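Asks: Take this structure first; my questions come after.
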Amino acid sequence: MSFKMTQNQYTSLYGPTVGDSIRLGDTNLFAQIEKDYAVYGEEATFGGGKSIRDGMAQNPRVTRDDVNVADLVISNAVIIDYDKVVKADIGIKNGYIFAIGNAGNPDIMDNVDIIIGSTTDIIAAEGKIVTAGGIDTHVHFINPEQAEVALESGITTHIGGGTGASEGSKATTVTPGPWHIHRMLEAAEGLPINVGFTGKGQATNPTALIEQINAGAIGLKVHEDWGATPSALSHALDVADEFDVQIALHADTLNEAGFMEDTMAAVKDRVLHMYHTEGAGGGHTPDLIKSAAFSNILPSSTNPTLPYTHNTVDEHLDMVMITHHLNAAIPEDIAFADSRIRKETIAAEDVLQDMGVFSMISSDSQAMGRVGEVITRTWQVAHRMKEQRGPLDGDFEHNDNNRIKRYIAKYTINPAITHGISEYVGSIEPGKLADIVLWDPIFFGVKPELVVKGGLINSAVNGDANGSIPTSEPMKYRKMYGQYGGNLTSTSMTFVSKTAYENGINRALNLKRMVRPVKNIRQLSKADMKNNSATPKLDVDPQTYEVYVDGEKITSNAATELPLTQRYFLF
């Protein structure tokens, strides 16, 4: 006869199942389980008296040579991804995800997709949430410690430019020229995350751009501090089309070389990644935001203006002055800073993210943004928009799955697609690098419990090393074995251009990390942005800066209180 238990009993043992909902941190968002891959009564769990034992859920005879035998199983996890909210086991082998389904011993269990053998380790995720490692595509490489801070927030990939604490790096996400690109590729060998570097996109001589792509740059950054002229942008796009790389644009705030319409005329119908499309981080005053309506523009915005709060405007004036090397004694520099900080367009930014008009969220690290707050601020925006705008179509009480899928795509799959790395990272799918973040639901979006990088635990909350148990205080983030010895290079990827990859940049520089080429970029359009592909008509009133979507004014109220804030940072 079958054994019956209550829903609460089941959840306490194996985690939530179909129809159950999980609150994300202290937000107003609830994820509801859409599917459970487990066979009820045959769940694989680890521990004393549990089922993952020899001859039970662990197969006693198979070896690692069997393709279905996992090196690592993350058991009974709630997977939140751009296309699913499911309960499943995750099978990892050789550092890659090879299956999502039901783990156990097929000799005695039904519908087993992932075999647990004597060579398999277990991460118990009952009652926990698993997400793909986040991708930050607007990183100023100013300080190597950014990587560790980002990793401890759930980010596992950085894309951008810089060479350290130079003025060019502080202001622009640029690694200029072959020599700097090579040195940064070598420096990346010591970082615990995936990286890709963008070169400088300002040159009328295409050879000066091509040599950077050949050196390993995964794209070019056109930035107003170097001169974001229509000519420079057009030349950069010509090279991008030839070599299948991305162009990231920080447009012309002062409209010195033309207006938003002139920039779009130079772009024509070619795809590019528009940085901080809201305009506060830079770009055509006051209407850069209109570019998000174009089907060839892949728009992102950065976390310092997200979500809109009563402190946002005041904070930004000082940040602009410092980041862009401005002088408070020069009236024109003050005017430059003032022109970028428009509360009306900032207030519209949250709404455009919620509507799926803006497709991505990134940091703008140490150049007006915070490298460890991409994920936190993403979910704060989602909370605020549910609070102000109500549930999205298809969502209902205790089920915000559509909004959750929209927002998680903004820092996982969409950045990966935009920069040509979605074959490798960006989602929890078979065939992708096992960059996986495990969360206690109470701390979701703020403090991960552990981060798996390339199939190995890279960072985790752990206790005193002299403690009798792993939870002895002080509990804090600690480097795990994924950051030691050869694992530092064998579990992370360095992304380069296809031409650099084919010409053996890894051998030329003696790189030990997994080197992979970016690809499939130039044919992209906004329609490729998962859950964030809306292209409505956008207008900005040139006098009031008010933003209109299909003729309707949009705005949001400045928040005075947010979730995922001080109660999580008392210690």
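A Cβ is built for glycine as well, from the same backbone N, Cα and C atoms used for every other residue.
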Asks: Look at the Ni(2+) 1 binding annotation in Swiss-Prot, where His138, His140, Asp364 are given, and name the residue from Lys200, Lys221, Lys290, Lys432 listed for that site too.
Replies: Lys221
Asks: For the Ni(2+) 2 site, Swiss-Prot lists Lys221, His250; sort out which one of His235, His276 goes with them.
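Replies: Of the residues offered, the record points to His276.
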Asks: Using the centroid of the Cβ atoms of His138, His140, Lys221, Asp364 as reference, list every other same-chain residue with Cβ within 8 Å of it (recorded Ni(2+) 1 site), in sequence order.
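Replies: Output for this site, in sequence order: Val139, Gly160, Gly161, Thr172, Thr173, Ala248, His250, Tyr275, Thr302, Ser362, Ser363, Ser365, Ala367, Gly369.
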Asks: Measuring Cα to Cα, how many angstrom lie between Asp364 (Ni(2+) 1 binding site) and His276 (Ni(2+) 2 binding site)?
Replies: 9
Asks: Tell me the coarse DSSP state (helix, strand, coil) of His276 (Ni(2+) 2 binding site).
Replies: coil
Asks: Can you tell me the CA-to-CA distance separating His276 (Ni(2+) 2 binding site) and His138 (Ni(2+) 1 binding site), as a whole number of Å?
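Replies: That comes out at 9 Å between the alpha carbons.
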Asks: Note the Cβ centroid of Lys221, His250, His276, the recorded Ni(2+) 2 site, then list each other residue of that chain whose Cβ lies within 8 Å of it, in sequence.
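Replies: Once Lys221, His250, His276 are set aside, the remaining close residues are His138, Thr172, Thr173, Val222, His223, Ala248, Leu249, Ala251, Tyr275, Gly281, Gly282, Gly283.
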